[in-house]
């Protein structure tokens, strides 16, 4: 890439005179970046990585390995392409602020479309992260205290805990002035998710198929599957494995069988082979729900321009490399997590992978550490997601004003308070995934970057490969919207 063609050298450097007068109203963008390439990758990867990884095994179970892989790679490529469009548009439009690009492209409606999409997407993402804190943290505390049942103590109440985490951890991190300062916490958050992935892979090698709870829906089974698993100490993995390798089947009465004095015999089940056979193509009522899950998993576009603005020695090519590395890394982690989670539980995997593991282990040390790692990861991701919301509100309501720590704090506190209200009063996390993944996520990935690109970039011919690519995106949009309208996610529970 010709460095002279880069937007930084033309429009964003404070010492460049070219077109500076034209964009002098964007004086707040004329500042040198101080965040290293590695820290930028950590921040963008952390913005991508989130609670979406917990639902990918469920998505694979409802699409099949091959179809899921094709869809996952396609969404990753489209996400990368839309980041490319966004960076090119930022160069042509002369701004590193999403809302101002919308304003330059379509005036006030474009500005509000960008503002609304960022708010909806990031509020939804924050809410889904805090949902995990609400439901998982009480269970982790209960396991640490070796309590068999919840006895009503306040420190086991998820509503109280999510407020404490928000005030004690998330709010202080959200008060940092720049995103670059969160690079270290983002790196630690990603290491927690790598640990989660490692345990998922390890558990696949330890857990045989079929597992007892696979039969919990059998009307002839006289014993609850979770009760059967409970007979074996959680630390005694060999006992669990030996039991699970048996030819488990719904009990059949055999009163004359001397080898089974209890009158119950276990015969080979006709569905065992099907239960433990991976499927490569699946089409069912949940298949359409996969597109919103995948779209939600790769959304990082509200964070792209803020991270770009703080990148040290920033150029469009350098930021594109940050995006390429981040999305490629997350693609690999997503694929491995989905594959090994699916190959462990097959069609019995639940919408949230951790909940499925709890059907096998009640008090498992490694699983407990995984849940703690996921809690840490999503908690440290919330400040990354909060920054663009605050930036959007500041751009809309306080544009041109000097930085104020009071305003900085109050906006962050208000955002967290609103999210806590959502988490406390909205019953299921699936509503968040389905609605946000089908609306705001598709807007940010497919519609807005393409629309801004078509409007602001005049140097590319209409029939160029880039413009044809925008047409392909529109096909993806229509399918995603159809998924939202047909997927019965309101009737599903994690």
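These residue numbers are counts, starting from 1, taken along the chain as shown.
The backbone N, Cα and C atoms fix where each Cβ goes, and this holds for glycine too.
Per TrEMBL, the features are as follows:
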type	residues	note
DOMAIN	35-204	domain 'Amino acid transporter transmembrane'
DOMAIN	279-459	domain 'Amino acid transporter transmembrane'
TRANSMEM	37-58	transmembrane segment
TRANSMEM	65-87	transmembrane segment
TRANSMEM	112-133	transmembrane segment
TRANSMEM	154-175	transmembrane segment
TRANSMEM	181-202	transmembrane segment
TRANSMEM	322-345	transmembrane segment
TRANSMEM	365-387	transmembrane segment
TRANSMEM	408-426	transmembrane segment
TRANSMEM	432-454	transmembrane segment
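Proximity of distant same-chain residues to the transmembrane segment (154-175), defined by a Cβ-Cβ separation under 8 Å and at least 6 residues beyond the stretch ends, is recorded for 130, 133-135, 137-138, 141-142, 147, 182, 185, 379-380, 382-383, 386-387, 390, 408-409, 412-413, 416, 419-420, 423-424. For the transmembrane segment (322-345), the partner stretch with the highest count of Cβ pairs under 8 angstroms, out of 37-58, 65-87, 181-202, 365-387, 408-426, is 37-58. Contact between the transmembrane segment (181-202) and the transmembrane segment (65-87) does not hold: fewer than three of their C-beta pairs are under 8 Å, each pair 6 or more apart in sequence. The stretch with the most CB contacts under 8 Å to the transmembrane segment (365-387), chosen from 37-58, 65-87, 408-426, is 37-58. Tertiary neighbourhood of the transmembrane segment (65-87): same-chain residues 7, 56, 59, 278-282, 290-291, 294-295, 297-301, 304-305, 308, 316, 319-320, 323-324, 327-328, 330-331, 334-335, 338-339, 342, 445-446, 449-450, 452-453, 466, 469-470, 473, 476, selected by CB-CB distance under 8 Å and a gap of 6+ residues from either end.
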